[in-house]
Amino acid sequence: MSLPSRQTAIIVNPPPPEYINTKKNGRLTNQLQYLQKVVLKDLWKHSFSWPFQRPVDAVKLKLPDYYTIIKNPMDLNTIKKRLENKYYVKASECIEDFNTMFSNCYLYNKPGDDIVLMAQALEKLFVQKLSQMPQEEQVVGGKERIKKGTQQNIAVFSAKEKSSPNATEKVFKQQAIPSVFPKTSVSPLNVAQGASVNSSSQSVAQVTKGVKRKADTTTPATSVVKASSEFSPTFTEKSVTLPPIKENMPKNVLPDSQQQYNVVKSVKVTEQLRHCSEILKEMLAKKHFSYAWPFYNPVDVNALGLHNYYDIVKNPMDLGTIKEKMDNQEYKDAYKFAADVRLMFMNCYKYNPPDHEVVTMARMLQDVFETHFSKIPVEPVESMPLCYIKTDITETTGRENTNEASSEGNSSGDSEDERVQRLAKLQEQLKAVHQQLQVLSQVPFRKLNKKKEKSKKEKKKEKVNNSNENPRKMCEQMRLKEKSKRNQPKKRKQQYIGQKSEDEDNAKPMNYDEKRQLSLNINKLPGDKLGRVVHIIQSREPSLSNSNPDEIEIDFETLKASTLRELEKYVSACLRKRPLKPPAKKIMMSKEELHSQKKQELEKRLLDVNNQLNSRKRQTKSEKTQPSKAVGSVSRLSESSSSSSSSSESESSSSDLSSSDSSGSESEMFPKFTEVKPNDSPSKENVKKMKNECILPEGRIGITQIECSVQDKTSANTTLVHQTTPSHVMPPNHHQLAFNYQELEHLQTVKNISPLQILPPSGDSEQLSNGITVMHPSGDNATTMLESECQAPVQKDIKIKNADSWKSLGKSVKPSGVMKSSDELFNQFRKAAIEKEVKARTQELIRKHLEQNTKEPKVSQENQRDLGNGLTVESFSNKIQNKCSGEEQKEHQQSLEAQDKSKLWLLKDRNLAREKEQERRRREAMAGTIDMTLQSDIMTMFENNFD
């Protein structure tokens, strides 16, 4: 025989659970009917119920250890048969069978199994349907069933077997008349222990508690209805623990103690406890079922396998127990109710880890509880609770019933009298404590009021003293007052309660126009200021203190005058602080006006400089007619160099002033051409050194050095400062470059510095289309050729005509900030190419200078020969002018071509910058918009790849 066959032979299924009540004490109640027709029917139709519709077949499923682990098997078919055959006495027994079925599944299977998930789904449906079950259990057709002979046997059986209410009955509160037995824990172990305790021990426990009487709580109806039946003490002792379903008896036939208990229940409870019962109903509502269901029942330690639960949690609590206490009026005030609810949540937090699912559910349910509990109104302390008056009423009525009941009532009454006396003393102590607290709370406010009066007196004294003090002290006191105003909000929080009544009395009521203006001002406030408005209203209006701060409706007719005045102060203060931006605009406008004034002053200075240059030009023309000697020419050269340096200084100073208002963009755009400072003008010592070092050729007048100060594009005023320096002397601090005229013209086409025209030296001034003329006196050039050893720098004058037209042109063409940035980027890009071009030109210059130095002795000999022949200076200068006339025409044509090229370069640069700006704007516009079709295409591609 194989091993599986042996195992199948060993596995034996036990007989199914019984479903016929052999004791024939089963009943049919409204709750049992609901369980049969609604709960069981819905569970049976559920798609996950098929594993639970029949008893577990251990042989077929090959589960040899199932019935060794599960001692009390249960299934839906057995429950269905028991309901059909009236097996159950009350609904709590049927509910216990359902819970047993689910706990067996959780006990045998692992937590992650499919069968466990199916059981959890069924249990959720079961609890949901169970919450809709009628709360009061009533027997259906009970009067026909109950007979005279069997009533006594039912009472004896119930006294022996069911001495305490069932745990599940405590959870769902299905009793019409609350139980009067001593409170037991909800665990099934205590149920078994309670069954072993006899009725006499229960009576002793009830007497010691002294709350309710034992004698005839469950006396059968026949003992009251029939006059012939005898009343025996032994019978009453056995009939103590009859199940608490009493609906089959009329109310006028019930024993006295039960009628007295109904009177006690009808007494009015406090307003706080009513709110607590509403909170409990809210927590048990359907909308909170998804996260409140673990707290409906006590923790089933055996089913969940939590063997160390009671070692960690000493005081278990659940919503079912809290509801039972609330129904039995065990809560004397709302704080005891809140203590039990919070104990339930603390037990959950204590036993479970913080990241557990039950902890998150507990936090959600606790948020619901705390939000509702915070809205309970506060009530004053009463002299005597109603519950103790109720017990006295039950005593006096109970003493008149029987002798035995009166004796037991006396013993319980004595204990109750002692308790009432103790409670009265405790209440007196509480009153004394409350009075002390009120006195202590009023003392600091009195002190604060005294401090206020003192501070007012001190302020008056300070005002009198301040009239005789210096203005500096007055300023210091003003600063101190401002600091005190800043610190006032902290003091207001402390003095608010004491000043509240005074503010309400002194506040002036608002009329309709003021209220309307206040509402308009509140609507003008920004969103961050509205929170303070809500805080002011809630702090001053008790009726709105519990309202939601996110959404609040304000009715100005219901608000107090003090609240409205406080709102008016706050709103006016906020609106005063807001209009700070218009003055800034005024300041900006004033800056622009100053900027324009500076420009006008600089233009006037430029015109003055031009006038001075014209006067000097006339002086130089008059000097041409006088004959000059070699020595005199040298002295005259030194004077002209000094005058040129002074004129260059004046021009450079004017250019510095004109460029001071610019934003410094010239240093970034054109780093090779910077402003000329006064310190850079050639001194006499430098001129002497230059005489000893270099000699220029005959046809060459001088190599000019250009210095451009390019202003900001908003000013659009450009000036050129031409200064003659030796060819090889180039100060590195300002990156000055020396070129001949042809090379400068070619460089201008590359750099596109300005539309100014640089002309070759000539005696006459040629006016260009741009309105700028460059003057080159010929007389000075003739005198310079008399020196054979060296060549001194020659002055060149600049005259700017039509300055107003240039100003209007600069103002009319104002590129935007975006164009400016693009031009800067493009110029930086051109920087490398320009530097290469400059290096090449400097190398060519050096090479040409070397060639010219070899020709210089020949030129000096020719000059001496001409002087020996008796030629005058004027004839010599005429020769030079005739030689240079052809070259000037060529250079003029080249300059015009260079200007055309520069215009083409400018047009190209502008078009390129415009295209870049359009592209940038298009990208910004595309970045701001969302292409929904592209997004949908991306999502479809993602879904296809995901599948």
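Even glycines carry a Cβ here, placed using N, Cα and C.
Record features (Swiss-Prot):
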| type | residues | note |
| --- | --- | --- |
| SITE | N109 | site 'Histone H4K5ac binding' |
| SITE | D114 | site 'Histone H4K5ac binding' |
| MOTIF | 209-220 | motif 'Nuclear localization signal' |
| DOMAIN | 267-376 | domain 'Bromo 2' |
| REGION | 395-421 | region 'Disordered' |
| COMPBIAS | 403-413 | compositional bias 'Low complexity' |
| COILED | 417-470 | coiled coil |
| REGION | 444-512 | region 'Disordered' |
| COMPBIAS | 447-462 | compositional bias 'Basic residues' |
| COMPBIAS | 470-481 | compositional bias 'Basic and acidic residues' |
| COMPBIAS | 482-494 | compositional bias 'Basic residues' |
| DOMAIN | 500-582 | domain 'NET' |
| REGION | 610-690 | region 'Disordered' |
| COMPBIAS | 631-668 | compositional bias 'Low complexity' |
| COMPBIAS | 674-690 | compositional bias 'Basic and acidic residues' |
| COMPBIAS | 849-865 | compositional bias 'Basic and acidic residues' |
| REGION | 849-873 | region 'Disordered' |
DSSP residue counts for the domain 'Bromo 2' (267-376), split into helix, strand and coil: 75 helix, 0 strand, 35 coil
For the domain 'NET' (500-582), residues assigned helix / strand / coil by DSSP: 56 helix, 0 strand, 27 coil
Integer mean pLDDT for the domain 'Bromo 2' (267-376): 89
Structural state of D114 (site 'Histone H4K5ac binding'), classified by DSSP into three states: helix
Cβ neighbours of D114 (site 'Histone H4K5ac binding') where a neighbour is any other Cβ within 10 Å: 10
Other C-beta atoms that fall within 10 angstroms of the C-beta of N109 (site 'Histone H4K5ac binding'): 14
